[in-house]
Amino acid sequence: MKNTAAKGTQDILPEISSAWEHIEDKFREICQLYGYEEIRTPTFEHTEVFARGVGETSDVVQKEMYTFEDKGNRSITLRPEGTAGIVRSFIENGMNSLAFPVRLFYEITAFRYENVQKGRYREFHQLGVEAFGAEGPFIDAEMLAMLQHFFKALGLKQINLEINSLGTPESRAVYRETLLGYLRPHKNELCEDCQARMEENPLRVLDCKNDHCHEITKSAPLILDYLDEESEAHFNKLQELLDNLGVEYKVNPKIVRGLDYYSKTVFEFISENVGTQGTICGGGRYDGLIKLMGGQDTPGIGFALGEERLLLELEAQGVLRNDRPVADVFIASLDDEALEAAQKLSQELRYLGIRAQYELTGRSLKAQMKYAGKQGAKNLIVLGGDELSEGKAAVRSLVEKDKAEHEFDLDHVEVLADYLKN
């Protein structure tokens, strides 16, 4: 038996988990400011949910999903992303009867079988939102402003927003044929993946990271030149709204995103730091997805960001917060009787909102004090026979060494709690 984590997974240990918690708490706080409510969907779904929702031709469905047959001979897949499962839930639970827009956020673990590299794992963590029922560009602009708000709240600066429009299915079909006409003479020069993509979804060739493919597509026709009137008006209004909200952006007509369900607005937040793998967050509008998956025709827009990538970016910019919780007080004991009193006092303090720890291993007083220092305890109380017989003890600051000891009555724990809080 190997006592090692499976390839592409990681243990999030106590020394870093506070940084994760800070990101998730801040995300939840920002989402709730904008009226979003949390949704929790299953870790696995029927495979068809992702085949239809993510797109049969996407790399995710063709290469990256963890799919297995359960004991009932049903094809099951661990979720590779959040949107398809949430759309399934939206349809199944009749959320179309709710007042629009329906605003949902999620914090999930997802799974993709892909090459492991820095910031990219096979089990990874996603934060995301979905908004259903709002058709115009106002919700698009608000969502991008919300993301900017979130990044600013984390202290990030060197992240740039790039936007594009993929138009409607009808305008995209016209562009698809034009793009194919451009790509066909270069087919044999493209990488193997792009040669396959050409016939299935040629727009994905624009998204290829292969340097040679990238060089070929530099002169490809631009999708923005093929937008229908409605999509063009939507995209122009979006830019006007972003300007009005003070959200900086760049139009990048090569952004197509890696999933097949997007239409009209698509976007990415991209890091200026070369070592953090570029895209931090991506998303867009998917107005036809709910109908495609069997629901009523309902517009939608959403985004997802990977926490692993975000942690790398926070670290690269020197703004990663990892405030590990420390004890407000450590209660040292000199004998077994004092240990019982320390346990009781700790429990009473915890009920009053004080993070209290006490000695559990029988160490010497010197070792206990050393342990309290290593744990970052702010204060120290020593209990022994004298303290118990007198019903009094003293609390000593481990942070402000010159601060005088504060004596307290063991029968008035609430007074001690107030002192420790202040």
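Just so you know, glycine gets a Cβ as well, placed from its N, Cα and C.
According to TrEMBL, the domain 'Aminoacyl-transfer RNA synthetases class-II family profile' annotation covers 1-325.
If you look up TrEMBL, you'll see Glu81, Gly82, Thr83, Arg112, Gln126, Glu130, Arg257, Tyr261, Tyr262 marked as L-histidine binding site. DSSP gives Thr83 (L-histidine binding site) a helix state. In the structure as shown, the Cβ atom of Thr83 (L-histidine binding site) sits within 10 Å of 25 other Cβ atoms.
In the three-state DSSP classification, Tyr262 (L-histidine binding site) falls within coil. Gln126 (L-histidine binding site) falls within a strand when secondary structure is assigned with DSSP.
Cβ neighbour counts within 10 Å, taken over all protein chains shown, single out Tyr262 as the most crowded of the binding-site residues Arg257, Tyr262.
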